[in-house]
Amino acid sequence: MAAESLPFTLETVSSWELEAWYEDLQEVLSSDENGGPYSSSLGNEEGESKTFTTLDPASLAWLTEEPGPAEVTSSSQSPRSPDSSQSCMAQEEEEDQGRTRKRKQSGQCPARGTGKQRMKEKEQENERKVAQLAEENERLKQEIERLTREVEATRPGSDRPHVNLQQV
C-alpha cells in the first residue's frame with residue numbers, strides 16, 4: 001500500500017501560527033459539539049458576525065501555505081467569474097483579519113508569553129554560565145598565584161653559579 005502525501009509541507013511553523021490554528025480548530029470543534037455551524041463575533045465595529053462551517057481541503061491548504069492571490073484563485077477556487085473570485089478573496093482576508101483582531105483584543109498573544117518565558121530561561125541559563133565561569137576564573141587566578149610563589153621560591157636557588165664537574 002502506497003503512503004499518501006500530506007496536504008501540507010513539514011516546514012517549521014512559528015508558535016504563534018500554531019496557536020492560531022489551534023484556536024481555530026477549537027472553535028470548529030466546539031461548533032460541532034453544539035450541533036451546528038459556529039457563529040462568532042469577530043470584534044469589528046458593526047458587531048457583524050460570521051458563520052463558519054467545517055473547513056474544506058482548499059481552506060486547509062490556504063491556511064498552511066498562505067499563497068499569494070494568484071495561487072488562491074488557481075488552486076482553491078472553482079471556475080467562477082472574476083468578480084466572484086475577488087469577492088471571495090476579500091471575504092477570506094476579512095475573516096483572517098477578524099481572527100487576528102479577536103486574538104489581539106482578547107489579550108491572548110501566546111508567542112509573546114512563550115517568548116518571554118524562553119528569554120527568561122535563557123537569561124537564567126546565561127547567569128548560571130557566568131557564575132560557573134567566574135568560579136573557574138577565580139580558581140585559575142589562585143592557581144596562577146600559587147605557581148608564581150613557587151617560581152619565586154625556587155628562583156634564588158637557580159641563580160647560583162653552576163659548577164662544571166667535567167673541567168676539574
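A Cβ is built for glycine as well, from the same backbone N, Cα and C atoms used for every other residue.
Quick caveat, the model's predicted, so the values are computed rather than measured.
What Swiss-Prot records for 10-26 is region 'N-terminal', and it gives similarity to another entry as the kind of evidence. Marked as phosphoserine by Swiss-Prot: SER14, SER15, SER30, SER31, SER78, SER81. Under the heading region 'Disordered', Swiss-Prot lists 30-168. The domain 'bZIP' annotation in Swiss-Prot covers 98-161 and rests on sequence analysis. Here Swiss-Prot flags 101-129 as region 'Basic motif', drawing on sequence analysis. According to Swiss-Prot, the compositional bias 'Basic and acidic residues' annotation covers 118-162.
In the shown protein chains, 9 other C-beta atoms lie within 10 A of the C-beta of SER14 (phosphoserine). SER15 (phosphoserine) and SER30 (phosphoserine) have their C-alpha atoms 22 Å apart, to the nearest angstrom. Remark: of the modified residues SER30, SER31, the most isolated position is SER30 (fewest other Cβ atoms within 10 Å of its Cβ).
For the recorded site, SER14 (phosphoserine), the DSSP three-state label reads coil. Here the C-alpha separation of SER31 (phosphoserine) and SER14 (phosphoserine) works out to 26 Å. Averaged across the region 'Basic motif' (101-129), the predicted model reaches a pLDDT of 75. Under DSSP, the residues of the compositional bias 'Basic and acidic residues' (118-162) split into helix, strand and coil as follows: 41 helix, 0 strand, 4 coil.
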